[in-house]
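Chemist: Okay, here's the structure, questions in a sec.
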């Protein structure tokens, strides 16, 4: 419903009214001599047609930043309908109307109430109208006019940056561009020179200059050297009013850095360097460091060192340390004080990055002399070779010399040397060495087939100073001799069919030899003499290191002879000739018409035809059923609980069944051996009770051996006390272990069955003295006596 009322409101507001708008009249230029008057003219508002208006002004001009105490006068509005009788009222609307700008509704005078800033708003658009004070209706249509703010120089130039940073290469030519600075002025650039900026340099001369109109800074001095001064601070001024007096100005700072160029060659601080190096200095070890100074930085100060000449040109090398730009002199070859003790080198330092523009400053390199003094040290013995290779035949006799190593003291003293074998390299002590002359000889037999190469290390040490020692590897190759007989390449076990024909090939033989043959092995095969004439088979040598076994007769009978053993002699052709006798096993088997083996009298070489699939499945099912039965039986036995000794006090039969431990008398020799009671040491640790299966096995307790004259009752009482205090003793120990009724026992028989047939009354009070394990029996029989008495 709210939307419905708003709609009618808009319709009411939108009803047609008479328009009083008229177009702007033509403008006139120039300022009035006395006052600014905007004249409004036209017909009565009742006229429905537009008439030509006569405008004197359609814009006013007003200076910004007015500092007077009164309101600033802007201009005057006047309508030709105004008769001066106060019947008209002037109304002002638009930008700042009623706030910045006010109008005298009677006279039409317009005034500004506040200071105006052109940089905030340069133009104000307002609308003026004259209305009848009595009726409130306009007598003139609403007219638009402009108030334009005139600029004054109230803003100084401002640089885009407070601080500029720039860099140029040192030694630059005059006029080289450095950087351009820019300043802006917020004043009106179209009105006077308030925004016209001119640049000048306040600080930085005579090194730099600035173009007044563009702000471009350039070099003004030739050959500015970074090594003399690297940083410059330049102050630039920007001034408006074209730089004239009274103009406002602003400044900025420009930090200029001279970057390095390679304009300085390297220079050694001294012409000669001296170093000392022991003759034991290892290869590539540093001897000393030298450095050439370069005033440049970074890559322009990178130096490469080289040895150009000298008697140690090939003995020493030099490299550059990239971090410190020092030249490191190192040893390239081993030094020897006895051979040469002084070397003189010429070292040159050169820049790696040379700028061709500055070659006129001189060669960018320098040289110095380096003297290296070699110092004498006590050196270890030196072998004549870096390594020795020796050969020896594997059948050489023990203590045979196979070679000699030689070492001597390189020092001037020429101290004597002794030799030894490093046993870490010859754990089996196959070789030994003469400590005086370095002769190496064998101490154990050699076998090339076991180990072809022996790698040992020989140590040479000074006799006077054993710490001075050196080592040399010795490689000993064992040469082959024909000491191994050839043998079959594999174990041969073959078969022959009963229906075989004569001259039928049944097996092909081949042989191998562990020895090495330079021309290749050549084996010969033959039957052993004892089998050559009587054998049922023949052997044919194929002359290619193979041989074939052939049948000699037509048929064979496995019931007569199931297995034949055929001896074969294998010989080689080396010197000395080696031969061996190998045996081929031949079984007689039944075969089909194609020669395929069916069965043999003995174990077949291959699996015979097996059982049928159905039979195998039946056997497998029986095995599975049997296993399941065993598992179930074992599970049932585990679940079965052991019956307690006494289930109920009233059930006497349970006591009989639980104990069931009465001895068989003197005639029962299987029940218990009385000798064991007197000699517990004779107890077999592995013997267990035969009447029940114990749940847990305990180690038997060792007790002191009883004397032969000890009374059995006293013995049993002693054992009862021990078992009563033993936490590991099961509850049946007192009866099950001994199970013996001694002669003359006070208790006599403990059997309740026998007790029933006894005529006389018995006293069972002594059971209470036997300990807690007999308390149940004491209570049981004691209660029975009390029942009888009652």
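Using N, Cα and C of the backbone, Cβ positions are placed for all residues, glycine too.
Take a look at what TrEMBL says about it:
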- 79-159: domain 'Cadherin' (DOMAIN)
- 160-268: domain 'Cadherin' (DOMAIN)
- 269-383: domain 'Cadherin' (DOMAIN)
- 384-488: domain 'Cadherin' (DOMAIN)
- 488-598: domain 'Cadherin' (DOMAIN)
- 1-21: signal peptide (SIGNAL)
- 615-636: transmembrane segment (TRANSMEM)
Chemist: Could you put numbers on the helix, strand and coil content of the domain 'Cadherin' (488-598), residue by residue per DSSP?
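Modeler: Taking each residue of the domain 'Cadherin' (488-598) in turn, the totals are 4 helix, 53 strand, 54 coil.
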Chemist: What does DSSP give as the helix, strand and coil breakdown of the domain 'Cadherin' (269-383)?
Modeler: 10 helix, 56 strand, 49 coil
Chemist: Calculate the per-residue pLDDT averaged over the domain 'Cadherin' (488-598) and state the result as an integer.
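Modeler: Within the domain 'Cadherin' (488-598), the model's average pLDDT equals 87.
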